[in-house]
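Copied from Swiss-Prot, the annotated features are:
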ACT_SITE  CYS27  active site
BINDING   CYS27, HIS60, ARG70  2'-hydroxybiphenyl-2-sulfinate binding site
SITE      HIS60  site 'May orient the sulfinate group'
ACT_SITE  ARG70  active site
Amino acid sequence: MTSRVDPANPGSELDSAIRDTLTYSNCPVPNALLTASESGFLDAAGIELDVLSGQQGTVHFTYDQPAYTRFGGEIPPLLSEGLRAPGRTRLLGITPLLGRQGFFVRDDSPITAAADLAGRRIGVSASAIRILRGQLGDYLELDPWRQTLVALGSWEARALLHTLEHGELGVDDVELVPISSPGVDVPAEQLEESATVKGADLFPDVARGQAAVLASGDVDALYSWLPWAGELQATGARPVVDLGLDERNAYASVWTVSSGLVRQRPGLVQRLVDAAVDAGLWARDHSDAVTSLHAANLGVSTGAVGQGFGADFQQRLVPRLDHDALALLERTQQFLLTNNLLQEPVALDQWAAPEFLNNSLNRHR
């Protein structure tokens, strides 16, 4: 580590400017930490992020790294904290997300409403089928990577249940067809061969692959979300029901850090959070730059980012730990509990370490 000089006082050195490296990964979700990294705020804070390689990729689900921070979907951290390794992480912040998502059909499909899905072939991951059918089998005995992939089928499962409700249908009214689903079906060899766990490396050409599945005629509809949904729609596919218009389909993007850092290096954690908050505020006036850096991280077009995350997502990047944000996380936790994907609830208020975010926000009041 090296100390840097405070530009306002050349004769001094700042503890907050000590250079540190943290292992890092992010899911394909909007987040202030990625923004802080790509826009220079972390560099100014003396922090570098070392993105997980594909060969290190299991850490993205196990959190088994002493100096690790992750910004992504809420299901993996809930499983780690509630099922496998309680106390390994602390919750630093939440970014609510409600973007484009739904079950898509070909443009020439006769399906125009949810009720038209009756008797149709719905393509979902094998993980989602296990959840929807209540057939978890050996779920609790699986290794962390495969276990988490099963639980990630929750995204499709919840979306299908909500879609079918619009047509007053149930799961038994459609035919579930197993297909490979991006973000859920990630074989170990695919992970290990990926340069990093960035979306651009791990999930290339998602929309093209999904469009090909629809074109094959093997299924009548399949699920897509996030910027991938925007790119799939650009191929001519259309959602049967735009679930992005329904608040029940909002998710909590969760930011965690190794608990050991909170205990042993609170100053480092504070610098990290300060940089993310500053970047989140900066993003409000730099929407084009923020959109571009997210697009590059995921390997998608800037237009797809706006569709997948919401046109004004740049205004909402500052992490939160307020009641509504925690309630959003609790809603996902309840789905996991109801479907036996989680055995005991995580006490979210105890998991959270709000002092860092509170300190950062107070700097701007």
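Every residue, even glycine, has its Cβ placed from backbone N, Cα and C.
Overlay of Swiss-Prot feature records on the structure.
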residue	record	Cβ within 10 Å
CYS27	active site	20
HIS60	2'-hydroxybiphenyl-2-sulfinate binding site	23
ARG70	2'-hydroxybiphenyl-2-sulfinate binding site	29
Secondary structure at HIS60 (2'-hydroxybiphenyl-2-sulfinate binding site) (DSSP, helix/strand/coil)?
helix
Residues CYS27, HIS60, ARG70 binding 2'-hydroxybiphenyl-2-sulfinate per the record - widest CA separation, whole Å:
9
Residues within 8 Å of the CYS27, HIS60, ARG70 Cβ centre (excluding the 2'-hydroxybiphenyl-2-sulfinate site residues themselves):
SER25, ASN26, PHE61, PHE71, GLY72, GLY73, PRO76, VAL197
May I ask for the distance between HIS60 (2'-hydroxybiphenyl-2-sulfinate binding site) and CYS27 (active site), taken between their Cα atoms and rounded to an integer number of Å?
9
